[in-house]
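For reference, the structure is listed below as structure tokens.
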Amino acid sequence: MDTILFSQPLSDADLDRAAAIIRGGGLLGIPTETVYGLGADGLNETAVLHIFEAKGRPQDNPLILHVPDAGWLPKFCRDIPHAAYALARRFWPGPLTMILPRRDIVPLRTTGGLETVGVRCPDHPLTLEIIRRAGVPIAAPSGNTSGRPSPTTAGHMVEDMWGKIDGIVDGGPCGVGVESTIIDLTVTPPRLLRPGGLPLEALEEVLGEVAVDKAVVSKLADGERPKAPGMKYRHYAPKAPVTVVTGDAGQSAAYIAAHCEKEAGIICFSEFLPLFAGHEVHDLGPMADLSEQARRVFDALRRFDETPVPEIWAQCPGSEGLGLAVGNRLKKAAGFHIVEALP
Ligand code: TXA
Ligand code: MG
């Protein structure tokens, strides 16, 4: 299949062509502030099936719907609590997905057979405009091939999807870099299913008590089912095995230096780059800059696949703010193989 690359700046005609791909049942790589998505008409079962095929994604793993504003919520969701509108007012457009009961117009193919649907309003002007012109919600998982790190540049989208989909819209590098935070509003108290670009602390300001799903912080036992089906898969996995080292940054750096092989790949905070001279190193950003770490984490994981490193070691931020999401992505890449560096 020929893939069209829509490069910046997009003309009015480009936006129409991109929207026509969605309306015609095609597949389109779309930029968002979190990660790039692999989009299709979320109400068209055949188009949605093609998303699963292009990604190699298990069919029981539901897709989220992208809408241009909260006014679209009642078209696709029932029994919408007050809290949903309060969250939308405060955080949309932005990196927050809400799980709500679905209306019948949303195919079970989209929701992976669930009676609920995830909805979010992405903060990217091109994608918002394409959704409005298409006139339908865009179902979009992250645009990576299943099992690879999520794409945070149009280049990553090209790596995974060139020749497999109708178009890719280049909207520049993603400003947030990790996927949206997912909150389940069908239960009391609301439950965090995936930490992401919106910190848990921000949700708590609006919602009060928020429960945190077990799959966020630990590996599930065999046969245990997480509430977000996607959390059970070992996502974001580089080819080499990953070990995450938690604890004080100075101590985790010293631990890695003492235990890693000579050829090991390293993901470390900028401050510790000199310690790992001679290694294949990816700089996660300054220790105190969690936003920068979120922007870099997937690219760091992805780049190791181009190198022959036999093992990867990663430093890990603490769990405050965006640190919860950055640490979760690193730990999932490691299959929750975690060591705590002690003083
Ligand atoms: O930032 C994002 O959310 C990106 C961009 C493209 O918007 N999208 C994204 O989609 O990360 P995806 O499919 O890679 O991850 C969505 C997660 C999956 O773990 C899925 O299982 C979960 O959301 N999910 C979707 N609908 C759900 C539902 N009704 N109930 C529980 N979990 C759901
Ligand atoms: Mg994904």
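Backbone N, Cα and C atoms are what each Cβ position is placed from, and that goes for glycine too.
Annotated in TrEMBL:
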type	residues	note
BINDING	THR34, HIS66, ARG120, ALA140, SER142, SER180	L-threonine binding site
BINDING	ARG57, ASN61, THR116, SER150, ARG194, TYR236	ATP binding site
DOMAIN	12-198	domain 'YrdC-like'
Listed binding-site residues with Cβ under 6 Å from ligand 2, out of THR34, ARG57, ASN61, THR116, ALA140, SER142: SER142
Residues close to L-threonine site centre defined by THR34, HIS66, ARG120, ALA140, SER142, SER180, Cβ within 8 Å: THR32, VAL35, GLY37, ILE64, PRO95, THR97, PRO122, PRO141, GLU179
Among THR34, ASN61, THR116, ALA140, SER180, TYR236, the binding-site residues whose C-beta sits under 6 Å from ligand 1: THR34, ASN61, THR116, ALA140, SER180
Where ARG120 (L-threonine binding site) falls in three-state DSSP terms: strand
By Cα-Cα distance, the member of binding-site residues ASN61, SER150, TYR236 nearest THR34 (L-threonine binding site): SER150
ARG194 (ATP binding site): secondary structure state under DSSP, collapsed to three categories: strand
Close in space, distant in sequence - TYR236 (ATP binding site), Cβ under 8 Å, 6 or more apart: ARG148, PRO149, SER150, PHE298, LEU301, ARG329, LYS332, ALA333
Fewest-neighbour residue among binding-site residues, criterion Cβ within 10 Å, set THR34, THR116: THR116
Most crowded position, judged by CB atoms within 10 A, among ASN61, SER150, SER180 as binding-site residues: SER180
Nearest of the binding-site residues (ARG57, THR116, ARG194) to HIS66 (L-threonine binding site) - Cα to Cα: THR116
Largest tally of Cβ atoms lying within 10 Å of a Cβ, found at which of the binding-site residues HIS66, ARG194: HIS66
Cβ-Cβ distance under 8 Å to ALA140 (L-threonine binding site), same chain, at least six residues away: ILE30, THR32, GLY37, LEU38, GLY39, ALA40, ILE51, LEU63, ILE64, HIS66
Spatial neighbour of ARG120 (L-threonine binding site) that is closest, considering only the binding-site residues ARG57, ASN61, ARG194 and their CA atoms: ARG194
